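Worksheet: one structure, shown below.
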Amino acid sequence: MEPRAAVLKLIEHKHLTALEAESFMNHVMKGEVSEILLSSFLTAMRFNGESVEEVLGCTLALRKNALRPKTVFPFDLLDTCGTGGDGQGTINISTLSAIVLASLGIKVAKHGNRSVSSHTGSSDILTRLGYQTETTQEEVEAHLVNRGFTFLFAPMWHPSMKHAGPVRKELGFRTVFNMIGPLSNPFSPQFQIIGVYQPELMELFIKVLQSLGLKRALVCHSRDGLDEFSIFQITDYTFLENGVISRHSFDPKILGLSSLNKEEVYASSSDHAEVLARKVLNSESIAGTHAVALNAGAGLFVMGKIDTIEQGYQIAKEAILSGKTKKYFEDLISKE
């Protein structure tokens, strides 16, 4: 299908097949679609509501046009990349939980970018903490093999996205590109936890992950609006295991937490986000420790290392409080 035909189909309020969406996005990645046509495509798809097939097709195109690792990794990989954009201003919980997971022996290939709507994106906070995120492809792969943690800076691994950049910036609203980023880790991890900015996206994302063939994956959104597990409210999540999707809720009351200070997990600026992140790593933030441990616990659950998220939370919390995570991260950045 030619790009113009795909746009006309969307304008008629019809959804594209995965193949049609992939074809259009392949043209975009090669710089063969005009800014006007791409703008029309993104706007029409947004008005119709992105379908599973459309998101899947666009994801496949982004994956195919990404740089590929030269290394064959002989171990299971986890990514904790979320959509962001929940507008809540929390600390970088998914990034900090990735560090906790790596300190517990989980191989983490963290896919991320600079800030879009928050004070600090995953790349921003890691850089502030002393971890260099914009390195060579060879270094990124070596870090994973030798250290158990690496960061894939999205603009480096998805150079073809430069063709969509100006239109995305000019439009200024969420499009399918905000969805396919977390689904397009170039290392193709078979295990993934994704927080989404809207509850209705949980079903869409888990079905796309199912189609992509992941072994185990979890997509979550909390009832207080977070794109991660909340320590203050119930978190709903969809779960994929061996091709089967199930739906669940997690109530943090089961953890027995009380009198938590929300100010310990909400940042007012980039500098403040760094201060709060360091407090978590130094075991100086009660609420921050619980929030990061809970999300790391969910990661352990996705990896199949424990039977329940609660068990994972306890293990992750101990890693933070004992100083294990701090030592791991200090060793990590000392080798930079």
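Cβ coordinates come from backbone N, Cα and C, glycine included.
Here's what Swiss-Prot has on this protein:
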BINDING   Gly82, Asn113  anthranilate 1 binding site
BINDING   Gly82, 85-86, Thr90, 92-95, 110-118, Ser122  5-phospho-alpha-D-ribose 1-diphosphate binding site
BINDING   Ser94, Glu228  Mg(2+) 1 binding site
BINDING   Arg168  anthranilate 2 binding site
BINDING   Asp227, Glu228  Mg(2+) 2 binding site
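Here the features listed in Swiss-Prot are painted onto the structure.
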{"residue": "Gly82", "record": "anthranilate 1 binding site", "Cβ neighbours (10 Å)": "28"}
{"residue": "Thr90", "record": "5-phospho-alpha-D-ribose 1-diphosphate binding site", "Cβ neighbours (10 Å)": "22"}
{"residue": "Ser94", "record": "5-phospho-alpha-D-ribose 1-diphosphate binding site", "Cβ neighbours (10 Å)": "27"}
{"residue": "His111", "record": "5-phospho-alpha-D-ribose 1-diphosphate binding site", "Cβ neighbours (10 Å)": "24"}
{"residue": "Asn113", "record": "anthranilate 1 binding site", "Cβ neighbours (10 Å)": "18"}
{"residue": "Arg114", "record": "5-phospho-alpha-D-ribose 1-diphosphate binding site", "Cβ neighbours (10 Å)": "15"}
{"residue": "Arg168", "record": "anthranilate 2 binding site", "Cβ neighbours (10 Å)": "18"}
{"residue": "Asp227", "record": "Mg(2+) 2 binding site", "Cβ neighbours (10 Å)": "26"}
{"residue": "Glu228", "record": "Mg(2+) 1 binding site", "Cβ neighbours (10 Å)": "27"}
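Listed in sequence order, the binding-site residues from His111, Asn113, Arg114, Arg168 having a Cα within 10 Å of the Cα of Asp227 (Mg(2+) 2 binding site) amount to none. Spacing of Glu228 (Mg(2+) 1 binding site) relative to Ser94 (5-phospho-alpha-D-ribose 1-diphosphate binding site) is 7 Å (Cα to Cα, whole number). A Cα-Cα distance of 9 Å separates His111 (5-phospho-alpha-D-ribose 1-diphosphate binding site) from Gly82 (anthranilate 1 binding site). Among the binding-site residues Thr90, Ser94, Arg114, Arg168, the ones whose Cα sits within 10 Å of the Cα of Gly82 (anthranilate 1 binding site) are Ser94. Between the CA atoms of Arg168 (anthranilate 2 binding site) and Asn113 (anthranilate 1 binding site) there is a gap of 15 Å. Taking the Cα atom of each, Thr90 (5-phospho-alpha-D-ribose 1-diphosphate binding site) and Asn113 (anthranilate 1 binding site) are about 16 angstrom apart. In this structure, Arg168 (anthranilate 2 binding site) is part of a helix by DSSP. The CA atom of Asn113 (anthranilate 1 binding site) is located 13 Å away from the CA atom of Ser94 (5-phospho-alpha-D-ribose 1-diphosphate binding site).
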